[in-house]
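Novice: This is the feature table in TrEMBL:
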- C:K181: active site (ACT_SITE)
- C:23-51, C:75-76, C:N80, C:T106, C:K256: NAD(+) binding site (BINDING)
- C:25-172: domain '6-phosphogluconate dehydrogenase NADP-binding' (DOMAIN)
- C:175-301: domain '3-hydroxyisobutyrate dehydrogenase-like NAD-binding' (DOMAIN)
There are 4 protein chains.
Amino acid sequence: MLSAPIESNILKSVCSRSMASKTPVGFIGLGNMGNPMAKNLMKHGYPLIIYDVFPDVVSSPADVAEKADRIITMLPTSINAVEAYSGTNGILKKVKKGSLLIDSSTIDPSVSKELAKEVEKMGAVFMDAPVSGGVGAARSGNLTFMVGGVEEEFAAAQELLGCMGSNVVYCGAVGNGQAAKICNNMLLAISMIGTAEAMNLGIRLGLDPKLLAKILNMSSGRCWSSDTYNPVPGVMDGVPSANNYQGGFGTTLMAKDLGLAQDSATSTKSPILLGSLAHQIYRMMCAKGYSKKDFSSVFQFLREEENF
Amino acid sequence: MLSAPIESNILKSVCSRSMASKTPVGFIGLGNMGNPMAKNLMKHGYPLIIYDVFPDVVSSPADVAEKADRIITMLPTSINAVEAYSGTNGILKKVKKGSLLIDSSTIDPSVSKELAKEVEKMGAVFMDAPVSGGVGAARSGNLTFMVGGVEEEFAAAQELLGCMGSNVVYCGAVGNGQAAKICNNMLLAISMIGTAEAMNLGIRLGLDPKLLAKILNMSSGRCWSSDTYNPVPGVMDGVPSANNYQGGFGTTLMAKDLGLAQDSATSTKSPILLGSLAHQIYRMMCAKGYSKKDFSSVFQFLREEENF
Amino acid sequence: MLSAPIESNILKSVCSRSMASKTPVGFIGLGNMGNPMAKNLMKHGYPLIIYDVFPDVVSSPADVAEKADRIITMLPTSINAVEAYSGTNGILKKVKKGSLLIDSSTIDPSVSKELAKEVEKMGAVFMDAPVSGGVGAARSGNLTFMVGGVEEEFAAAQELLGCMGSNVVYCGAVGNGQAAKICNNMLLAISMIGTAEAMNLGIRLGLDPKLLAKILNMSSGRCWSSDTYNPVPGVMDGVPSANNYQGGFGTTLMAKDLGLAQDSATSTKSPILLGSLAHQIYRMMCAKGYSKKDFSSVFQFLREEENF
Amino acid sequence: MLSAPIESNILKSVCSRSMASKTPVGFIGLGNMGNPMAKNLMKHGYPLIIYDVFPDVVSSPADVAEKADRIITMLPTSINAVEAYSGTNGILKKVKKGSLLIDSSTIDPSVSKELAKEVEKMGAVFMDAPVSGGVGAARSGNLTFMVGGVEEEFAAAQELLGCMGSNVVYCGAVGNGQAAKICNNMLLAISMIGTAEAMNLGIRLGLDPKLLAKILNMSSGRCWSSDTYNPVPGVMDGVPSANNYQGGFGTTLMAKDLGLAQDSATSTKSPILLGSLAHQIYRMMCAKGYSKKDFSSVFQFLREEENF
């Protein structure tokens, strides 16, 4: 079966792309996550062409695209990503044919698909590759990347992403990286709140928290939130609940991801009863002073005693 | 510090109880669960004095208490349990001093505590020991027992319960067995619905279900419902979702346990936002024809296509 | 059609009861509500035999029952009501045949039915008559009573209740007064939270609160919470939202009534998805310092700004 | 401070617009709602230039804009509205300076604001004017219009909208019409489900539905859904519940409006706990065969008996 002419064009130009060599890689977005990620790429010997809204070396995403044929973007919202790609001085203004553009932002999968279409029109390749793992994993190069895009390009993406993460998972067509991340984080939020509710109820019924966690973890209530990241202070060491919910994955960020899940569910008409409620609970927590605490602080939020 | 006279009385009479020998054991409640449990006790060489509402050998719980000084009760609701203990012909009418009464019914922890008080007044010992594992585990003797009651009696309980289950966990004071079970099953219900929502959303966003399950199970969304009992047909073998949701743990039973969680949460003023909603979802499912299907059929319930 | 012998007995003794005359009326429970209610009865010329846990004139509910053949009870919980009727020194110990016992406490309808059965065994009559309207209405004699019990006795109840309230509604068999109150308050809680959510969303979208309230009130969103008791400060005068949510109907009391709704829904297997969530929201508010504020303070609870 | 020149330009050209005279009015979108609305305009003597995806007279929205300087659009979704305004043959391609463009579609307020900006760039005026009232009100000319846009243009809009509706309410800046409608419909959905839950619970507790409705309507549970559009068959005449939930406002449409409310809440970070759950409930109903029934059929959805 023949591939369509435009696709073979892309693949041909891809072949001329500087894959194996250590030619410059573009990096757009140097925030809490992008900064350590970019440093890990440099450690692996890649020269970087970088851009951020507080610019340093080059003056625009378009300039990055002029100087590098592999670009990674790591931006906070869908709007920032669209601006970086399609804006007045966006990547697409000067992108070279055959370039590989990898977006590691967590954004709406439908926006990823839109961007992919525009990129394809320019003869380049777009992949979505959101991460899980937080700032700590970004620093240590232990992120997980969930990658969506044409399968032929996965190896090229893996070469770069492997410098920054220990897990690079292929999830299928463009947008599927975002979809996988959104689904995982929605389930994470639900099981974290569920763990907090179950632990709190058990404690109020007179159970010892450590014993209850042990029982849950050997039973059908077991989940990552109960056995690896328990939200109750004193049950585990080395987790945010042991450190006043400092560090970890902020409540604001979880609320943002749940907003994306909600949008995707609304547009695909998928019922997410617990997912919606989890979204609203994290929204409430943001309004009650928990925005910068780790998302396992939902235990603390539920725990407060009634004063009567 | 000395233990109170009445307690030492109990302990003394306990010593005269037929613990190690294979003297008769009473068994009250021979339903879907009680029947195979009783058979497993018999396989271990215990003669049984049994009673059920459709009587066989003896005519009342009181008669059982006259003939056996270790009794196991396995009944469907709090009301049945109260009747078996405190009713006109209940166990307490003829219970011998020092008897060991183990209730494996799943009931309200506060009812367990009430029963324990009444039993103690008669100079006997009460322990709550609800099970997890369902009919299959009851048959194969692989139930998990969560046991609440005075610690000195745990070994005596373990001797009998070990004939019917592979896990016998001590949970603390009377009522704590029920509390642990309720908390586990509430978290189970929440993470099962969450898994169903996340899998359904992912599928609608274009992800392959097996791949999505694999990604969740290596990430923070991992839970028993995703990695051991996945609700999506085709993802795993040997689970109810692979068999049209036959067998397993019925939706009605889950709704009942969530009702107990709700009652406990209301009386202890513990917020259970997701737990309450999970309760209502299983309640709705019972009304929509899912009552006899396995509780993982919530995936099917959510999945139905909108017809427009 | 013949009435059963025992009933005609009751009715006969009722006829000998001191209905029209101003003979003493018993009153049990002199809290925030009971106190002004009792005073209103006195204003209408009824001598009172009163009892409270801090006793004044007589030493027990039984003593009240000895001295009065019409008794009103106004107690905070089901447990207090059961104690006052069936306790060691309860009304039933000395109740006279044909007495009329009216319970104005808000309790579980199934407890009302239980009490009614016990009262009937003693040859007396029990009616449940919970109130709506709060302390202000209790003082001004403008309570609404929702009355359940045999219809023949409604006139007798109305004579007394009319001294304390401006609305006395007959709701059918015993327990129906409680049922009506629970259903009303559940719908009230739901529409109050809904009003708060809609007003808050509208304000954040740029609408003027007064204008939005006006539009809702002329449209299908209209409800008592939007047009009579608006939760947004500045929209209406003379409501708790105009007075920093002082006075009115406390969040704790609403949480209690929603707990009763939850119990009734669980035992009748009625799905109450929004009702359950409303219960949990008021439970959360109690834990966050809102317990003594009016229940319309849910607007304030939702409103707090996110600090990021 | 002076108003910007372009605004005064607009106002001047507005003055030259054919306001009072019966010159042609454009109408785009002739579906279930648009059709009777357009007929009402014709009854008032306005010649119409119409366009629909199944075209009749002119071949595109751009053609309508060429021939009319007052245009009403009535389209099913945000995407359709954007296409009609900004598409290849959209209104903006040929809109005359000073034209008045009124969009009666129910869409995302942020999309309305976007369209208004683009329209303003062309020297014309955009107002959002979504309706409430359904097909029946569209036929009888009794719609309610909620209008957002510059106040100076409200009279001109009112002239046309008054031909199709009995209530034309000014809600403030562009987008506020949509915002008001969304808030109203969210509160409507919440109170309708709440009414259905309360009526169902009351009936199961033994209350007569007509009596319960009467009690709610004289108490604090009163709302439009209980006193004007009661969802329980047999309580009121002339409402969808009296006619097997035929006619009225379809469940699909309510689910759509709740999706808009959810989007607005997510983007403004407004917690809508009950609103989110109401959205999910109507989403479930669409999947369970209720999509074409009136939205009050949620009572039927909740009511179905459990079969065990």
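Cβ atoms here come from the backbone N, Cα and C positions, even for glycine.
Automated prediction, rather than curation, is the source of TrEMBL annotations.
Surface or core, plus neighbours and distances: that's what I need for these features.
Specialist: Note on C:K181 (active site): other Cβ atoms within 10 Å of its Cβ, all shown chains, come to 29.
Annotation note: C:A38 (NAD(+) binding site) sits in a helical segment as assigned by DSSP. Listed in sequence order, C:F27, C:L30, C:L48, C:I50, C:I72 are the same-chain residues six or more apart from C:A38 (NAD(+) binding site) with CB atoms under 8 A from its CB.
Each residue in the domain '6-phosphogluconate dehydrogenase NADP-binding' (C:25-172) gets a DSSP state, and the totals come to 60 helix, 34 strand, 54 coil.
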Novice: Please report how many Å separate the Cα atom of C:K43 (NAD(+) binding site) from that of C:K181 (active site), as a whole number.
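Specialist: So the Cα of C:K181 (active site) lies 27 Å away from that of C:K43 (NAD(+) binding site).
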Novice: If I take the alpha carbons of C:K181 (active site) and C:M33 (NAD(+) binding site), what is the distance between them in whole Å?
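Specialist: Given the Cα positions, C:K181 (active site) is 16 Å from C:M33 (NAD(+) binding site).
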Novice: Give the number of CB atoms, excluding that of C:K43 (NAD(+) binding site) itself, located within 10 Å of its CB.
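Specialist: If we count other Cβ atoms within 10 Å of C:K43 (NAD(+) binding site), we arrive at 11.
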Novice: Enumerate same-chain residues with a sequence separation of six or more from C:T23 (NAD(+) binding site) and a Cβ-Cβ distance below 8 A; give 'none' if the list is empty.
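Specialist: The list for C:T23 (NAD(+) binding site) reads C:P47, C:A68, C:D69, C:R70, given in order along the sequence.
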Novice: As a test of the contact definition, list every same-chain residue at least 6 positions from C:P76 (NAD(+) binding site) whose Cβ is closer than 8 Å to its Cβ.
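Specialist: For C:P76 (NAD(+) binding site), the qualifying residues are C:G29, C:G31, C:S105.
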Novice: Would you count the other C-beta atoms found within 10 angstroms of the C-beta of C:I28 (NAD(+) binding site) for me?
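Specialist: Taking all protein chains shown, C:I28 (NAD(+) binding site) has 30 Cβ neighbours within 10 Å.
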Novice: Counting other Cβ atoms within 10 Å, pick out the least crowded of the binding-site residues C:M33, C:L48.
Specialist: C:L48
Novice: Using DSSP, would you call C:K181 (active site) helix, strand or coil?
Specialist: helix
Novice: Kindly assign C:T23 (NAD(+) binding site) to one of the three DSSP-derived states: helix, strand or coil.
Specialist: coil
Novice: Between 0 and 100, where does the mean pLDDT of the domain '3-hydroxyisobutyrate dehydrogenase-like NAD-binding' (C:175-301) sit?
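Specialist: Summing pLDDT over the domain '3-hydroxyisobutyrate dehydrogenase-like NAD-binding' (C:175-301) and dividing by its length gives 95.
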